[in-house]
Amino acid sequence: MPRITTWNVNGIRNPFGYQPWREKRTFEAMFDILEADIVIFQETKIQRKDLKDDMVLIPGWDVYFSLPKYKKGYSGVVIYTRNATCCPIRAEEGIFGVLCPPDSSTRFRDLPKEQQIGGYPTAEQLSSDIDEATLDSEGRCVILEFPAFVLIGTYSPANRDESRQEFRLGYLSALDARVRNLVAAGKQVILTGDLNVSRSEIDTINLSEQLRKEDMTMDDWMAIPSRRLFNQLLFEGQVHGDRDPGREQPVLWDICRCFHPDRKGMFTCWDTKRNTRPANNGARIDYLLCSAGIKDWFIDSNIQEGLHGSDHCPVYGTLGDTVKVGGQDVHTLDLLNPQGMVEGGKRLREWSPKDLLPMSAKLIPEFDRRRSIRDMFMKKPAAKAPERKTFLESPDTLAESKAEPESASAPNHETLSARSDQGVALAEPSGPKNSESKPLPLYSPTKEAARPQTSRPPTKRAAPTTQLSKKASKKSKTNDSQSAAKGTAGSMAQSTLVGFFKPKQPARDVTPAAVSSAEPPSPYQQTAASNESQRNMVKASAGQEGSAEV
């Protein structure tokens, strides 16, 4: 059952400071918790340069931003769509259609008819002297069209002071005109977002006390221009006096109120400075509205006041799996995707990057390049997953791990899995270690073999001091210890590398019979004896030189 969720997040990363969002701190996890298929955020409060990969390149989601053109850290609307559920066929930014698609100088309203969403306000419908480009410059609206309906995600200006009153009414008038024009053109409309206006007395806490303080009557409060305009848009809206020209008929239903007509305290916004949320002293200014033709498509709608992360709470509406169209049951997924993608509720083809619209943030150059690279690498783990599983469960691998000595720490499955991201070959052990291996000594067998094989003692330069005898004595002791070590090392004293890596011979029999029948010394033993003879002669020579100096 597709779900649409709207939420003023008061900063796109703001929810990550609260539970349950702080656990994973990803938008993908957030959308799963919301159980939403279309998510509309207001007050993203970022600029174009602040967009990051985790906001745009969310696996399985497409995204459409409207950001302020001039003000920094202000306003901003974004719509996320789950690719497995829906795929828009057109996308625009702004209410008036005077902005241009990315990398284009043609306004949305000047595009060919088949590329327009339509319903653009006319000059006669506008009640403000503020020009259209200015009203659309603050990043307040994203519009997506699906085969079934046009979705408008908006953040209406707040009533902060009188200086913004004209801007606020100008924006609301244009929004009213756009919705009415779309409905008049035969299109169904869903309007969602923070409209910054309470509909009636039941949608505001302690209204009577507020009116008493401001010396106002209920009629005065309902006649406030923004509230009067809003109620003229709604079925069952309370309109005091005659309706305005061009607004004779309501066109939208308040879906959440339809499911909870008499519920009090159904507030969506609270004053965080005064900490009024625990006492539920707030107002309802976030809505999900729809045109009459699709009112019955919704099977549920509610607020989610238990989800924190902003001074507002999410509001959602859920569509049925099947809906009535022309008296026939039609799968909702058929109406949320382009023709040929889903039929009879069954997917005929998967969503692909070819379905991206020009407004998609994934086509912003820097994200488009990284998206292509990420998509290329994201396909590989799925193909390698069976190999990693086979590697971990391979009997040969288990045998190798058992063959390792206890002193060596065998890699566990978690380590192997982490390494497998760099390639299975990197995770494979190189073979069982030899528990008898020792560090090589400071001398090298090849250097020993390079020494001259002669019985004549080497010529030495006479030392000028009496310290030579001490050095010679120390050297003799060192040579003696090395000779003893070499005698026990056996093959370590060989003159060549031939046979160096052969396994050690078993211990020799030292009985008299074995000694008498012993074979003649091997070349390796002869070499060791020759080396020992050379060292003895060096010692003798050193002793004589030392005695002469003394």
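Cβ coordinates are placed from backbone N, Cα and C, and glycine is handled just like the others.
Residues or ranges marked as domain 'Endonuclease/exonuclease/phosphatase' in TrEMBL: 6-312.
Under the heading Mg(2+) binding site, TrEMBL lists Asn8, Glu43, Asp194, Asn196, Asp311, His312. DSSP classifies Asp194 (Mg(2+) binding site) as strand under the three-state reduction.
Among the features that TrEMBL reports, active site is placed at Tyr155. When secondary structure is read from DSSP and collapsed to three states, Tyr155 (active site) falls in the strand class.
Look at TrEMBL and you will find Asn196 tagged as site 'Transition state stabilizer'. Residues within less than 8 Å, Cβ to Cβ, of Asn196 (Mg(2+) binding site) and separated from it by at least 6 positions along the same chain comprise Tyr155, Ser156, Pro157, Ala158, Asn159, Arg168, Ser226, Ile285.
Counted within 10 Å of its Cβ, the other Cβ atoms near His312 (Mg(2+) binding site) come to 24, all protein chains included. Residues annotated as site 'Interaction with DNA substrate' in TrEMBL: His312.
Annotation comment: TrEMBL describes 479-497 (among others) as compositional bias 'Polar residues'.
Look at TrEMBL and you will find 524-536 (among others) tagged as compositional bias 'Polar residues'.
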Site with most surrounding Cβ atoms, counting all protein chains shown within 10 Å, from the binding-site residues Glu43, Asp194, Asp311 | Asp194
Filtered by Cβ under 8 Å and at least 6 apart in sequence, the residues in the chain of Asn8 (Mg(2+) binding site) near it are Phe41, Gln42, Glu43, Tyr155, Gly193, Asp194, Cys269, Asp286, Ser310, Asp311, His312
What average pLDDT is reported by the model for the domain 'Endonuclease/exonuclease/phosphatase' (6-312)?
-> 94
